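Here's what TrEMBL has on this protein:
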type	residues	note
DOMAIN	85-193	domain 'Epoxide hydrolase N-terminal'
ACT_SITE	D257	active site, nucleophile
ACT_SITE	Y405	active site, proton donor
ACT_SITE	H462	active site, proton acceptor
Amino acid sequence: MIHHTPKVSIVNVAITVSFLDLSMPNRDHFFGLDPVHRQLLVGSALAVGGILAYLLLRRKPVKSIPVGEGWWGAGEKPQSEDESIRPFTVETSDKEIEDLHGRIDGSRYTDPLEGSAFQYGFNSTYLKKVVSYWKNEFDWKKQVAVLNKYPHYKTKIEGLDVHFIHVRPTSRPNQRVLPIMLVHGWPGSFYEFYKILPLLTENQGGLVFEVICPSIPGYGFSEAPHKQGFNSLAAARIFHTLMERLGFSQYYLQGGDWGALITTNMAQMKPQNVKGLHVNMIITNRNFKTLLTIILGPYLPSLVGLTREDVRRLFPFFEKNVWEMLRESGYMHIQATKPDTAGCGLNDSPVGLAAYILEKFSTWTHPKYKDLDDGGTGKYTLDDLLTNVMIYWTTRSIVPSMRFYKENLKGNFDKRVDASVAVLVPSGLAAFPEELIHCPKAWAVTKYHNIYSYTSMPRGGHFAAFEEPQLLADDIFQFVRKVEKC
């Protein structure tokens, strides 16, 4: 529920109480400032607090965003659409593998700079080792069999063949089976969830999940949109349709990266259908509270609702949240402007595609992996990493997957319809320490108004399900138990 602040004075009282509750080190730091700086800090807190309270008083919350409608298939929309759900099997051929090997053999490399490790991107010396394994040891036919371990399906929604896997738990007496949808991001795929699926579909204290993992349209085995404008809101609507077509009226959602935004949009779009939302990438809008946190956080963290862990992850703010993001977001600017240009080379060169994708599994797993000769990719097996690459390669989906950035970022993100709508469903937030951007609970509450759990994870980065499946599964279970009160 949304709680409104009845009087401006309450905010000021809260600030005073928080100030008195400062830990001794921070209090000493504060009183060590000269009087002018102390007055400036307290005055800023009171002023911004008053502004926040005023905005809360005048704001009229919107409970949901429009569902809308769309048609993304080729040509004109027909009068009716086939709504059948069809079994699907991942397949390959000797010709496909021979073509891959031929392109690998024709690859050219540029020698890396001495001692550069992964500071300039994927180190070509290590890339040659990966490519050698890819051609001589990696068994794509074996990995296709691994992919087909779980049941795959396709169904037509808004003109697109939408791919998904549907994993049901073993039927046992005295267990509650709850449906949950897991949504991936970029440059991942449904395969990211293969290690967490056995954990979620195994009975834990009488609770177990029935899991649906779709591929975002334009990714992997889901058909790419044929028309402009397909963004996270369209994906959210399509995935709601998928769940309804499978016979679910209420369900849980989980996502990271784009999956976090899509599932958040799903919760905003049809909150009556979403029993709970769990994300491992927390997306919020910047506001006055954020500004207040940035100004006062290093000196008076408890006054603005920050924990010591928040302080460690956030500050120095510009180094960790501005300069670091500038260094790591070049790909995003390219994909949000000219995805087809950059994607052309990646779609034609398997080695280029592997370097582009796997570099993210290095840096986004841990920023310090840039200093390692292998980029820290040893955190995963080469079979797992290359299987994800092969999903992009064999489906030729790198270009449409990159277009998703342009469709979502072509306008002012803060003026989208979902930017001003709070998430009212029960929410579980998992903050992994090496995630690209840290979002404190103090920020998260401005977007997610019904937080049941906020967990500061002990380890892990951006690809949580792929890297730390047990930690993520445990957090999902504990969140759902709180919602279900069991």
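Each residue, glycine too, has its Cβ placed from N, Cα and C.
Owing to the predicted nature of the structure, the values given are computational and were not obtained by experimental measurement.
Within 10 Å of the Cβ of the residue listed as 'active site, proton acceptor' there are 23 other Cβ atoms, across all protein chains. Residue pair H462 (active site, proton acceptor) / D257 (active site, nucleophile) shows a Cα separation of 8 Å.
Note: D257 (active site, nucleophile) has non-local neighbours H184, G185, W186, G188, M281, H462, i.e. same-chain residues 6+ apart with C-beta under 8 A of its own C-beta.
Averaged across the domain 'Epoxide hydrolase N-terminal' (85-193), pLDDT in this predicted model comes to 97. The Cβ of Y405 (active site, proton donor) lies under 8 Å from the Cβ of W186, M332, Q335, A336, P339, each of which sits 6+ residues away along the same chain.
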